[in-house]
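Undergrad: According to Swiss-Prot, the record shows the following:
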- 2-219: domain 'Glutamine amidotransferase type-2' (DOMAIN)
- 2: active site, nucleophile (ACT_SITE)
- 279-427: domain 'SIS 1' (DOMAIN)
- 454-594: domain 'SIS 2' (DOMAIN)
- 599: active site, for Fru-6P isomerization activity (ACT_SITE)
């Protein structure tokens, strides 16, 4: 969500901060700002509503420069998107603060600070933090201690970066429930909400642990734990290769990432399967002891990852015979859960920092689960550190807010898990099909131009209906989510068998209905449902197996290359991604950074 960048250097850091923000744009934001302490120890700030480029233009007009500073991209939570609510926020013109997260007790703290004489100029919870730190600094004249004491009074999940004009040589950071990274350079050190922002600037990084605070100077970074005790944290080398964040020949990151799926699935499978078995060590050292005694499975995730879990339920129950329950993390964490004996708890997240998913994992660790397994794309994430077992997908950095390659690698991971838990020879057929999956994806990507030709038929639509049966129902859900995320068309998905129970009332000559129709045991049932749509004049678009002889009957048939039955949910996802992409491009929306959305949802 919000992006934080900060630096203390022997050189001017304004351009470094700006470049860091550019690398964080993918997280989603509505405003941006920067604050630096200049050579005369004056605190200078520039804020704008809109894009980072607008901030760059404004910075040129003010000639802002300095050796210590912080910068921020804001995704609105408290207070509307505006320059007034943009970060950094100031207190008494001395303290500047950037913030990612939510301070839940901000109203109580605001009233308390008003009684102390503080005045507020914004609608944000962030300004509360700035004034509270100023209050404690007045008592102690120690910026690190002031930040630590203020954070102890604040409830919620947040990360802060703070500078003080009277302390131009230092930058203070603290993390409570929201990720923050410390970066080591030469004659300069950094903070950021994502290591991606530090590539080519920092040589190595520390991933702050829960409750950590840090004092950053040009010469050193000192880290303190939640008890304010000086500690040593692991230092990790940082890959400075920036090519991975370039679009290359593609117009958008999303299209690039769609076309990377064959490669990243190959990478995810590599050295983890052969023709007869799944290497259980791929799921962590404990997996070989845990898997044989699993009797039930609970999967908890959000958004696209939740859809991956829904598909996995079909595979795990069919192949492994294990009762599987799938829940949305924000619902799971607030209800009483009955945990059967020997239940494996699985969390799924691209970033490994999704707030509700992490909270669900922490809740599960206090419950009677056999063990926890995290399926995640980021090796250094909190989710990975906290789980008993881990499967790392190898999707690489995903910039587009609408997830594509992260989703299909999650599905590949789940299909491997189902094969690993399967107790009969069907596992070998699954493994054979998995080895064919990258080639199947390549063939499907050749449909790009055909799918693009459909886009004009959707440009003026307001609604769309997606249908699937069985394991293809979650695929339809994912297709609908992609279309609504980036084209802003209201799209819903239903099991095709539910048409007569309500959704059929929506079907008319203006309603596009998209169906996912692989050659499986439910195909004839699906055809009957689609006849109901045709009979009512619905605009029917059917993604069909190219080996099938369909009678169009007024429907637009889009033929998908044949694939193994176990692979169909993965393969049929790709043309739906392409459809959403091309419709969004035709409508002129911001494909990589759709309105109101964030890449990594790090607040509740």
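The backbone N, Cα and C atoms fix where each Cβ goes, and this holds for glycine too.
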Undergrad: Cα of the residue listed as 'active site, nucleophile' to Cα of residue 599 (active site, for Fru-6P isomerization activity): how many Å, rounded?
TA: 10
Undergrad: With H, G and I counted as helix, E and B as strand and the rest as coil, say where DSSP puts residue 599 (active site, for Fru-6P isomerization activity).
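TA: Note: residue 599 (active site, for Fru-6P isomerization activity) is coil by DSSP, not helix or strand.
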Undergrad: Applying a 10 Å Cβ distance cut-off over all chains shown, what neighbour count does residue 2 (active site, nucleophile) have?
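TA: For residue 2 (active site, nucleophile), the 10 Å Cβ neighbour count is 29.
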Undergrad: From the DSSP assignment alone, can you count helix, strand and coil residues within the domain 'SIS 1' (279-427)?
TA: 68 helix, 28 strand, 53 coil
